[in-house]
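All remarks here apply to the structure that follows.
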Amino acid sequence: MTRISLTRYLVEEQRKHNTIQPELRLLIEVVARACKAISNAVSKGALAGVLGSAGTGNVQGETQQKLDVIANEVLLDANEWGGHLAAMASEEMESFYEIPNRYPKGEYLLMFDPLDGSSNIDVNVSIGTIFSVLHMPKPGQTVTEADFLQPGTHQVAAGYAVYGPQTTLVLTVGNGVHMFTLDREAGSFVLTQSNVTIPEDTKEFAINMSNMRHWAPPVRKYIDECLAGDEGPRGKNFNMRWVASMVADVHRILTRGGIFMYPWDKREPEKPGKLRLMYEANPMAMLVEQAGGAATNGEQRILDVQPEKLHQRVSVILGSKNEVERVTRYHQEAQAKA
């Protein structure tokens, strides 16, 4: 069996579909190399003294872990000099990072959550890196925040790396979803699954049940029906899964189906949700849709949401298509009665 590396896959996709420009191919390869470096740091853990808090906070008001800071720096350092990017934006930084004048500038914008699920770092549970690529609207001009504020439909590539028992890179460039496993001996990502498909139906849901009392009625209705099992209106038993790492939960859904929900709750009613639209929801929504699933905020398709600011938050409901459509319908019915 011929082993297909990430580089070979990207070159062959470029030849077949002519949708991957050489600059985009090289950008994806650089991001993949950065993910290998992050995977190496994660795997060393306490041996390298990288566990625990960094003693700082990010723009989200969250305490940064040492590996949050390390992963962010790895991605910045790896991508700033290649000539493929005009700027980068990170969940960990208040403003975007424009490529310094000492380096050539390209036509793409890169956004990333350098280490998703960082509350799991010290307990050795799967975490990951999420990334999204956009075209720079006006290449060659000074970058502004407005250049990043494009709906998710404008993404030219999206993906994540999950650092678990294996390190797996999951990628879409608009032609389906493909998984690459890191061969540590060879030092390369190898294609291990092509054209990933999410089943339309499922018996698994992922949500933080401890917040149930804070949810809106449509979400409670859906979960109540799941919990009622084969004696309830759904006529089947459901299992719950919750890792508290979006990368890990979405990876499970891409692998075997399910629905992931991080909904609005009434503790912070002025915020539309918890997850970040640009760094988490949009890239994951693109991946899920490319795999035949669906992703909404309860009211509209996530990829259609027009961003208004870099660190905008959003409710997220994604996964198996029929389940996502059911939850969305419950929201629409509740709005119609209001």
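The count begins at 1 with the first shown residue.
Glycine residues also receive a Cβ, built from the backbone N, Cα and C atoms like all the rest.
The following features are taken from Swiss-Prot:
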BINDING   GLU91, ASP113, LEU115  Mg(2+) 1 binding site
BINDING   ASP113, ASP116, GLU280  Mg(2+) 2 binding site
BINDING   ASP116, GLY117, SER118, SER119, ASN208, LYS274  substrate binding site
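Taking the features listed in Swiss-Prot, we show where each one sits on the structure.
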{"residue": "GLU91", "record": "Mg(2+) 1 binding site", "Cβ neighbours (10 Å)": "24"}
{"residue": "ASP113", "record": "Mg(2+) 1 binding site", "Cβ neighbours (10 Å)": "29"}
{"residue": "LEU115", "record": "Mg(2+) 1 binding site", "Cβ neighbours (10 Å)": "31"}
{"residue": "ASP116", "record": "Mg(2+) 2 binding site", "Cβ neighbours (10 Å)": "29"}
{"residue": "GLY117", "record": "substrate binding site", "Cβ neighbours (10 Å)": "21"}
{"residue": "SER118", "record": "substrate binding site", "Cβ neighbours (10 Å)": "21"}
{"residue": "SER119", "record": "substrate binding site", "Cβ neighbours (10 Å)": "13"}
{"residue": "ASN208", "record": "substrate binding site", "Cβ neighbours (10 Å)": "16"}
{"residue": "LYS274", "record": "substrate binding site", "Cβ neighbours (10 Å)": "18"}
{"residue": "GLU280", "record": "Mg(2+) 2 binding site", "Cβ neighbours (10 Å)": "26"}
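Within 10 Å of ASP113 (Mg(2+) 1 binding site), counting C-alpha to C-alpha distances, fall the following of the binding-site residues SER119, ASN208, LYS274, GLU280: GLU280. Of all the binding-site residues in the list GLU91, LEU115, GLU280, the shortest Cα-Cα distance to ASN208 (substrate binding site) is found for GLU280. Across the structure, LYS274 (substrate binding site) and GLU280 (Mg(2+) 2 binding site) are spaced 10 Å apart at their Cα atoms.
The two recorded residues, ASP116 (Mg(2+) 2 binding site) and GLU91 (Mg(2+) 1 binding site), show a Cα separation of 10 Å.
Separating the Cα atoms of SER118 (substrate binding site) and GLU91 (Mg(2+) 1 binding site) is a whole-number distance of 12 Å.
In sequence order, ASP68, ALA71, ASN72, SER90, GLU92, PHE112, PRO114, ASP116, SER118, THR129, ILE130, TYR279, GLU280 are the residues of the same chain, not among GLU91, ASP113, LEU115, whose CB sits within 8 A of the CB centroid for the Mg(2+) 1 site. Between the CA atoms of GLU91 (Mg(2+) 1 binding site) and SER119 (substrate binding site) there is a gap of 15 Å. In the three-state DSSP assignment, the secondary structure recorded for ASP113 (Mg(2+) 1 binding site) is strand. The Mg(2+) 2 site, placed at the center of the C-beta atoms of ASP113, ASP116, GLU280, has further neighbours from the same chain whose C-beta lies within 8 angstroms: GLU91, PHE112, GLY117, GLY128, THR129, ILE130, TYR160, MET246, VAL247, LEU275, ARG276, TYR279.
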